[in-house]
DNA sequence: CATCTAATTGCAAATGTTTTGCAATATCGT
DNA sequence: ACGATATTGCAAAACATTTGCAATTAGATG
Ligand SMILES: [Mn+2]
Ligand SMILES: [Mn+2]
Ligand SMILES: [Zn+2]
Ligand SMILES: [Zn+2]
């Protein structure tokens, strides 16, 4: 299968766009920083390789990737107004999966839950609405962090 | 049962706070504007009664209500960085319910889905995490809007 | 390889939403 | 009615993201 960068490059070309060093770095960062990075986190990461890169380039690239289905934006309630970017490697499918967010270590853990797809169908059937996307996020304390802070006696 | 305003007034008093005209107006607005209003929407609404009220007063009051469990903030993905406020009338329980957001009329429809509570327990049992809150939101086109724009032949 | 042109970049300023410091005002126990 | 202090209005700051524009650069063309 085509690598992430190759997929994106094909699409960029197909749109009459150009593959720049900055875009390559941002795509690399998205592969390295697997955990739903923010634009700022990506920016900090790519600065190592190119200290002159600009944050607005990072945003512009991410928006382009979003419009072309290579990343999905995500929001978590404990970071009200900050956007995170979820790379969607698999070609032609915005893979639907869900997230658990640990309030202690801030890790974001992905999971799938087939019943959610069931609920989605059920809601559509019951109400006559057409569902286009689903967001399901659990918030709490992950098993590891729970172990580190045992409940007080 | 105690009205919303009475509940809040009791709590304000209990904290050594004061019940002001502005707070009363904001609480009224929260009752009038039942559909998950933004701070700005509340602000516009209360301006009718008090043209001198300030937006920062609205925010400060909403934050206080949030800290004291009278409203829950909500975000919807199509309004990335804008917060909405969900009044929680029922005493002492952040009522867990879920939302459907119509991308055409922008209505927010609430629903409950007992299976979600099941999934929550299941995730906790499977992973050892402790779940503190759940967010489940469906996005799409509601039945009414679907009727208005029948699919092209 | 040199040239050309439009796409992309860096920069600085703007945007939109929410927060904050502070002096003036108003609430409520006395 | 008085006084301590909680709350307000205002203006400015904070914060994440977007945008206009002139300078740079990718990559097609000869
Ligand atoms: Mn994800
Ligand atoms: Mn609600
Ligand atoms: Zn954790
Ligand atoms: Zn609708």
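Using the three backbone atoms N, Cα and C, a Cβ is placed for every residue, glycine included.
Copied from TrEMBL, the annotated features are:
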BINDING   A:92  Fe cation binding site
BINDING   A:102, A:105, A:142, A:145  Zn(2+) binding site
Query - Lowest local Cβ density among A:102, A:105, A:142, A:145, which the record lists as binding-site residues, within 10 Å - result: A:105
Report summary line: residue A:102 (Zn(2+) binding site) -> DSSP, reduced to three states, gives strand
